[in-house]
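What Swiss-Prot lists as active site is T9. Positions annotated as Na(+) binding site by Swiss-Prot, on the basis of sequence analysis: S167, C170, T173.
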Amino acid sequence: MFMSQFHATTIFAIRHQGKGAMAGDGQVTFGNAVVMKHTARKIRKLFHGNVLAGFAGAVADAFTLFEMFEGKLEEYNGNLQRAAVELAKEWRSDKVLRRLEAMLIVMDATHLLLISGTGEVIEPDDGILAIGSGGNYALAAGRALKAYAGEHLTAKQIAQAALKVASDICVYTNDCIIVEEL
């Protein structure tokens, strides 16, 4: 018997003018047909408020990864890059963890990283990342905003606007947007 999962979302993160911001929508979808929640929080502050982490994918899987990542942050005393690499190694090498269907974006005051279950830890050249069903729309909007209006907008404003664009296009992304800043 096939069991549907709770999933689909958009997470966008940007480093801009010395600040960091991460935005996520609030929609949780069950399977491909039913919106179960409109106001979910998919972004968390970790390690004494010094790290932001956002997830896209299956909710239960993402919570498992949040807990693991938080443990790695504690183990490596807040070293974001080391914690991310160690999580990715464990995620990829463990038979059970390898089946988790989620992705994470994590950031601190200096780094922005994508962590995937295939073992990738990627730091973007342009300081912008987006994941999830509306990720490509948010990424395009964020890049355009940073390139053409960046000197007039804050990181928080760009993150909010990029998610709004994604919510207008993607059926799995809503406009109940939560933005966190560092």
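Heads up, residue numbers simply count up from 1 along the chain you see.
Even glycines carry a Cβ here, placed using N, Cα and C.
Owing to the predicted nature of the structure, the values given are computational and were not obtained by experimental measurement.
Here the features listed in Swiss-Prot are painted onto the structure.
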residue	record	Cβ within 10 Å
T9	active site	30
S167	Na(+) binding site	22
C170	Na(+) binding site	21
T173	Na(+) binding site	30
Residue from S167, C170, T173 whose C-alpha is spatially nearest that of the residue listed as 'active site', among the binding-site residues: T173
Near-site residues: Na(+), ref S167, C170, T173, CB cutoff 8 A to centroid: T10, D25, Q27, S133, G134, Y137, A138, L163, A166, D168, I169, V171, Y172, N174, D175
